[in-house]
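Per Swiss-Prot, domain 'SSD' is recorded for 339-496. Residues or ranges marked as N-linked glycosylation site in Swiss-Prot (evidence: sequence analysis): 148, 235. Annotated region 'Disordered' per Swiss-Prot: 1-70, in sequence order. Sequence annotations record features per position, and here Swiss-Prot assigns transmembrane segment to 338-358, 370-390, 392-412, 442-462, 476-496, 559-579, 760-780, 782-802, 814-834, 848-868, 883-903.
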């Protein structure tokens with residue numbers, strides 16, 4: 001990412017052009033023996049990652065040597081620096097080899113892009129925890145209980161999501177409990193059921209053919225609407241909620257009506273005074289694969305023609321929104337198409353930034369073309385990394401589409417560092433020497449930052465979310481290619497451009513009557529010849545040395561910085577307790593998707609009642625034993641007394657069976673009597689057939705009941721509800737299990753914090769170890785750890801203020817945060833502790849002078865790389881920008897403001 005620039009005085013001093021031909025070495029230096037240090041004049045050495053602190057002068061003979069200033073542990077860094085020095089010389093001597101080799105490798109690996117997935121992405125597999133309890137619970141339910149959607153369908157008894165279409169109707173008046181509004185809703189219902197699909201072979205698919213049925217009729221989309229359609233005299237002003245009693249049946253209204261105003265109690269229900277919204281649910285056949293395929297064809301037709309159908313009905317009393325079991329998948333796949341145009345914009349912006357950053361008025365030292373190729377080399381790394389992963393069969397998920405934007409911003413940082421080091425070399429040296437010197441100064445630093453960032457990503461492989469795993473694998477691998485191409489083909493391009501510098505310099509110095517001095521002055525400002533001793537300091541470096549650094553080290557500025565940090569950390573900690581957990585499934589679609597208003601209406605009017613949860617007796621127990629029944633009844637009571645359960649809506653076959661046995665005068669405590677009467681009971685209550693699993697040996701191996709969940713609109717309530725219900729089941733004396741298909745997604749709320757903390761701890765530990773091994777000063781490791789923790793707290797806290805949930809997508813960014821925090825803090829703190837300045841304030845100023853601009857440049861380039869995602873219409877892309885902006889902003893603030901000030905206090 002970023003690297004320390006060479007210190008002032010590190011520029012190689014060349015001789016005048018009259019003594020030495022350009023492009024040739026001043027003189028042949030004697031190479032140091034293996035293991036020896038090459039002598040460097042004291043005034044030419046400064047702190048850098050590759051040279052360490054300046055060498056000490058030997059004391060005069062007879063005087064005691066002063067104590068060393070600090071511990072210096074460059075046992076790994078020094079050999080790496082020497083190795084890169086040799087490698088740079090090799091690249092400089094063979095530029096075409098190192099240019100064409102990576103190009104051929106990219107072309108070869110790029111063939112893997114033909115394996116980009118063309119099939120649907122499984123949302124459950126990618127965005128729910130691996131090995132979650134709910135998935136094991138589902139396997140148990142599927143293995144012990146059956147359903148029948150062609151004869152006796154029950155939505156609460158299904159173990160996985162069925163095919164369905166859903167319409168939410170909202171009254172424009174205060175209440176829809178009026179005959180006129182019911183007529184309009186009935187007209188809408190009839191139009192939906194009249195939809196038919198004409199297939200290519202001419203056959204038709206009718207709703208009545210694919211609907212889930214109870215006996216011979218399609219399951220009603222709304223039980224009250226169905227009753228009113230068959231009995232228009234039904235008094236809509238005399239209803240009770242959540243269950244309405246009629247002389248012939250009980251009508252279950254919970255979940256079908258929302259925005260209710262309730263009156264006085266009537267038994268276990270309350271009078272329904274007003275209701276603002278109604279739900280219509282059209283369940284379709286799912287169990288048989290052929291039936292499911294036909295159902296999905298009907299649903300596709302429903303989605304394609306619903307808006308036209310709605311317009312033709314001219315609905316005046318109601319507003320409607322719609323959704324289907326296919327919608328989430330289809331809309332999620334559509335979001336990937338919205339981000340493709342942003343790739344082009346991102347590359348244009350980065351190229352412009354690179355050109356501006358690398359342009360010089362001096363046409364010899366100008367590196368605009370080199371910068372453009374640097375961006376191109378980043379694109380090569382994306383092609384190579386993605387191609388390799390696809391060749392290896394690593395799944396490409398949509399969230400991976402964020403990766404190229406990040407790689408683009410990160411990759412050009414290495415380019416800036418290498419160009420900066422090259423500009424510090426002398427034109428009097430050979431190309432081989434110049435590249436060797438450049439590599440020795442920056443390649444180790446680039447290596448360290450690459451290792452830390454790649455380690456941060458690869459720790460994401462330990463996540464329980466496959467989408468996080470795949471994103472981290474793709475991005476970490478691509479970063480390795482980005483690093484490899486930087487030190488090979490980009491270095492080769494710098495070497496080739498160095499030959500251009502030499503050729504142009506010779507042309508400018510050559511007396512030629514055909515070229516006027518005016519033309520020469522256009523290439524060399526003010527007509528001066530090129531400086532062979534290296535480029536002068538960049539104006540931004542001077543800004544940090546002469547203005548920003550001295551200002552930041554004043555007493556008033558330090559006081560303000562401390563207050564600012566206190567405000568920052570308090571706000572961040574407060575935000576950490578406000579952040580919402582889990583991925584809201586509506587966020588998988590684009591902002592202008594039709595499912596967004598559907599979920600908004602559902603949240604506004606239907607959040608009071610959640611799913612019906614199965615309470616499953618997982619083993620064979622003696623139901624005829626009164627003690628066992630009491631234990632089971634005690635557990636059911638504990639469920640009903642939970643704040644998230646409506647105790648009046650419990651459904652359990654055993655309770656109904658005990659009433660049946662008592663009314664018939666049979667003894668429920670006798671095993672034979674208990675078992676022999678179940679068949680007769682099921683004839684009266686056939687729906688319970690699917691709740692009792694009786695083996696061939698006439699033994700109840702498992703059974704289930706149902707409880708109604710309420711008040712779980714927020715992710716925190718869903719998490720607490722899930723954990724509480726499982727705790728009750730686990731502590732029950734009878735072996736119990738709770739399950740609903742929604743738990744598959746609810747499990748992410750329980751797993752996300754655990755996964756985030758684990759990944760952050762693993763990555764932070766890895767960063768700490770790397771800093772101890774590769775940064776030659778132990779004190780730096782402490783400041784690196786402090787900065788990582790501080791930035792993570794800040795990013796997490798401010799996520800809440802920016803309406804970003806802690807989910808699998810933001811968890812990726814928190815892992816990224818660790819790598820960037822390391823980069824920003826490690827360079828500044830090391831430059832500080834390595835400084836030879838006499839006072840802490842001057843040490844801080846020198847650190848900012850050497851590294852302030854690289855830190856700022858790194859942050860800006862990365863933000864530019866991802867800023868185009870802010871224009872995306874999809875949450876998963878926009879969130880990536882938000883968190884990366886926070887990471888860059890807070891990381892740069894720590895590197896440029898907080899750490900330089902805090903270091904002066906110790």
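Cβ coordinates come from backbone N, Cα and C, glycine included.
Between the transmembrane segment (338-358) and the stretches 370-390, 760-780, 814-834, the greatest number of Cβ pairs separated by less than 8 Å involves 370-390.
Residue 148 (N-linked glycosylation site) is surrounded by 15 other CB atoms, counting those within 10 A of its CB over all protein chains shown. Of the two recorded stretches, the transmembrane segment (559-579) does not lie close to the transmembrane segment (442-462), with fewer than three CB pairs under 8 Å once pairs fewer than 6 apart in sequence are set aside.
Here the transmembrane segment (782-802) lies next to the transmembrane segment (814-834) in space: the count of CB pairs under 8 Å, restricted to residues six or more apart, reaches at least 3. Long-range contacts of the transmembrane segment (476-496) within its own chain (CB-CB distance under 8 A, at least 6 residues past either end) are made by residues 84, 87-88, 91-92, 94-99, 101-103, 370, 373-374, 377-378, 380-382, 384-386, 388-389, 403, 407, 410-411, 414-415, 418-419, 422, 431, 435, 438-439, 443, 446-447, 450, 453-454, 457-458, 460. Taking pairs at least six residues apart, the transmembrane segment (883-903) and the transmembrane segment (442-462) share fewer than three Cβ pairs below 8 Å and do not count as touching. Under the DSSP three-state reduction, residue 235 (N-linked glycosylation site) is assigned to coil, being neither helix nor strand. Neighbour density for residue 235 (N-linked glycosylation site): within 10 A of its CB lie 8 other CB atoms from the protein chains shown. Confidence across the domain 'SSD' (339-496), taken as the mean pLDDT and rounded to a whole number, stands at 85.
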